[in-house]
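Asker: Here you go, one structure.
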Amino acid sequence: MFVIIYLIAYYGVFRNWNPKYRPEASSCLISLAHGTPAVFLAIFAITNQSQSPRGFASSNTELQNIVLDYSISYFTMDLIHYLVFNPNDVLFIGHHLATLFVFVTCRYLVSHGAFAILVLLGLAEVTSFCQNTWTLAGARKSDVAAAGKLYDFLSPPFYAFYSVVRGIAGPVFVYKMGAFYLSGAADNVIPRWLVVSWLVIVVVAISVSILWVANLWVDLLKQRSGKMEKKMT
């Protein structure tokens with residue numbers, strides 16, 4: 001499905017775009033097709049208790065496994081995109097490989113822990129729609145006036161939303177997740193080495209996200225202060 005969406009985006013939706021931006025725009029489109037649906041699917045899968053109760057040590061339900069497979073498909077396709085068009089983007093390639101490691105081991109190796117992983121997925125993807133819209137607008141802001149206005153309009157609320165999710169909600173949940181798993185409460189169903197691997201990957205991902213949005217805030221404040229100085233002179 002994601003391969004088809006990517007090809008439609010690249011050869012159809014964005015066929016008139018500058019070749020420099022077509023791959024990134026196509027990647028954004030498959031991210032849109034994954035992000036928001038993944039949030040609702042994850043919420044449904046972790047709140048549906050018809051198959052088993054939810055919890056950090058609970059076995060994966062069929063619904064949870066379907067959501068994991070859905071996300072594995074997306075990250076695999078987007079990883080291919082980066083390997084083909086941006087092979088030097090080590091940060092994103094590493095992010096996708098690490099994310100796939102977490103999803104694949106949760107889904108196919110231990111078949112436990114999907115509750116925690118899907119909560120993290122929901123937190124990661126709840127900003128997806130704003131981020132992809134902002135990214136697409138940013139790609140055309142220099143040659144399309146409307147895109148520039150949209151980019152400027154979205155930047156502050158997107159940064160704020162992203163900061164709250166990645167800077168507050170994410171760390172709070174990871175703390176609870178880490179406290180549970182490191183207590184040994186799930187050692188009989190999820191090996192300690194795997195739990196530690198998941199936690200390291202998540203903590204690094206959140207840290208990089210916080211650094212990324214912090215740099216965006218700095219750039220925005222510099223731009224705003226520069227405009228203020230021009231108006232005053």
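Placed from the backbone N, Cα and C atoms, the Cβ positions cover glycine too.
If you look up TrEMBL, you'll see 20-225 marked as domain 'TLC'. Taken from TrEMBL, the feature transmembrane segment applies to 25-46, 97-124, 159-182, 194-218.
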Asker: Cβ under 8 Å to the transmembrane segment (194-218), counting only same-chain residues 6 or more beyond its ends: which ones?
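Answerer: For the transmembrane segment (194-218), the nonlocal Cβ contacts are 91, 95, 98-99, 101-102, 105-106, 109-110, 113, 117, 120, 124, 155, 159, 162-163, 166-167, 170-171, 174, 177-178, 181-182, 186.
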Asker: For the domain 'TLC' (20-225), provide the mean pLDDT of the predicted model.
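Answerer: When the pLDDT values over the domain 'TLC' (20-225) are averaged, the result is 94.
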